[in-house]
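Input: a single structure, listed below in structure tokens.
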Amino acid sequence: MAEPDLECEQIRLKCIRKEGFFTVPPEHRLGRCRSVKEFEKLNRIGEGTYGIVYRARDTQTDEIVALKKVRMDKEKDGIPISSLREITLLLRLRHPNIVELKEVVVGNHLESIFLVMGYCEQDLASLLENMPTPFSEAQVKCIVLQVLRGLQYLHRNFIIHRDLKVSNLLMTDKGCVKTADFGLARAYGVPVKPMTPKVVTLWYRAPELLLGTTTQTTSIDMWAVGCILAELLAHRPLLPGTSEIHQIDLIVQLLGTPSENIWPGFSKLPLVGQYSLRKQPYNNLKHKFPWLSEAGLRLLHFLFMYDPKKRATAGDCLESSYFKEKPLPCEPELMPTFPHHRNKRAAPATSEGQSKRCKP
């Protein structure tokens with residue numbers, strides 16, 4: 001069903017200073033925002049945490065952009081708070097490795113809004129599923145370094161992404177990697193306020209979240225970076241859990257059973273009593289990556305510290321000797337180019353697509 005035309009309808013707003021409504025003059029209906037009519041939707045390229053994303057052309061400039069329609073279907077009183085958070089955060093952020101919010105445009109009837117973002121030709125999840133040969137270690141280092149630079153910028157600006165995963169990492173044809181989808185991101189301060197633990201896609205979720213902590217710091221992003229680095233190195237997800245219990249068990253199988261000795265405060269986490277953790281005394285990272293250098297293993301160990309306070313920061317990782325030894329990270333411009341999967345109409349995600357990356 002087509003949206004009503006603005007030119008044919010009056011828009012009336014409730015006045016908060018006195019009773020009644022007033023009619024918005026036609027020349028002020030869009031405020032300082034452009035209309036979505038000025039963009040030609042080319043194809044749907046995906047779905048973020050809180051909205052559908054299209055590849056589109058700005059008819060004024062001919063620029064190709066990503067147009068993210070903000071979900072309003074469950075809202076009766078305006079823009080969802082999650083979308084307001086994303087807009088507010090993205091307007092503050094300007095970094096080469098963070099997706100850029102160019103502007104906000106409005107739908108025909110002012111009941112829908114769209115975020116105009118910088119367009120990236122690829123996302124890493126699609127690449128991992130479709131590329132004929134895996135990334136080389138030099139290419140993996142190039143990708144992860146860019147993710148870390150973007151994260152260091154976020155964390156210095158007191159922002160936690162809270163949903164890092166390969167599908168939220170985009171890449172341009174020039175090899176520039178950008179972190180996207182800030183629908184779950186939060187600004188934090190001191191002292192850290194409680195937040196819901198039900199964030200971060202399961203495979204990338206830190207153990208403290210799985211065990212119910214409401215104290216979230218930048219360390220949850222760093223655990224996810226460890227999962228991403230391991231996934232790129234192994235060419236498949238490291239911890240593909242099917243439930244929260246299974247996810248915890250996979251972590252214990254890989255890293256050993258946590259205890260108060262290595263993770264002070266572990267026994268007081270809200271959900272510890274609900275799980276019976278297997279007794280597993282060994283860290284098996286070296287067995288998982290027998291070919292990885294000592295520096296690479298040290299970096300993974302640092303990222304997978306159980307104790308969030310001891311876990312590597314983005315700055316720590318950027319100083320890691322792993323990125324300074326051979327094979328050295330390749331330059332972004334030398335990253336391979338790939339067919340533009342995002343330029344095709346996106347098919348709905350299937351379990352078959354996920355299992356493809358899970359096979360040994």
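Note that Cβ sites are derived from N, Cα and C of the backbone, with glycine treated the same way.
Here Swiss-Prot flags D163 as active site, proton acceptor. If you look up Swiss-Prot, you'll see I45, G46, E47, G48, T49, Y50, G51, I52, V53, K68 marked as ATP binding site, on the strength of sequence analysis. As annotated by Swiss-Prot, domain 'Protein kinase' applies to 39-323, with the evidence given as sequence analysis. As annotated by Swiss-Prot, phosphothreonine applies to T196. Annotation source Swiss-Prot lists region 'Disordered' at 334-360.
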Around the Cβ of the residue listed as 'active site, proton acceptor', how many other Cβ atoms lie within 10 Å? Please give the count over every shown protein chain.
24
Among the binding-site residues listed here, I45, V53, which has the most company in the form of other Cβ atoms within 10 Å of its Cβ?
I45
Three-state secondary structure, which DSSP defines for V53 (ATP binding site):
strand
Tell me the coarse DSSP state (helix, strand, coil) of D163 (active site, proton acceptor).
coil
Listed in sequence order, residues with CB under 8 A of G51 (ATP binding site) and six or more positions away:
K68, K69, V70, R71, S83, L115, G183
Neighbour tally for E47 (ATP binding site), based on other Cβ positions within 10 Å of its Cβ:
17
Residue among binding-site residues I45, E47, V53 with Cα closest to the Cα of the residue listed as 'active site, proton acceptor':
E47
Mind looking up the mean pLDDT for the domain 'Protein kinase' (39-323) in the predicted model?
91
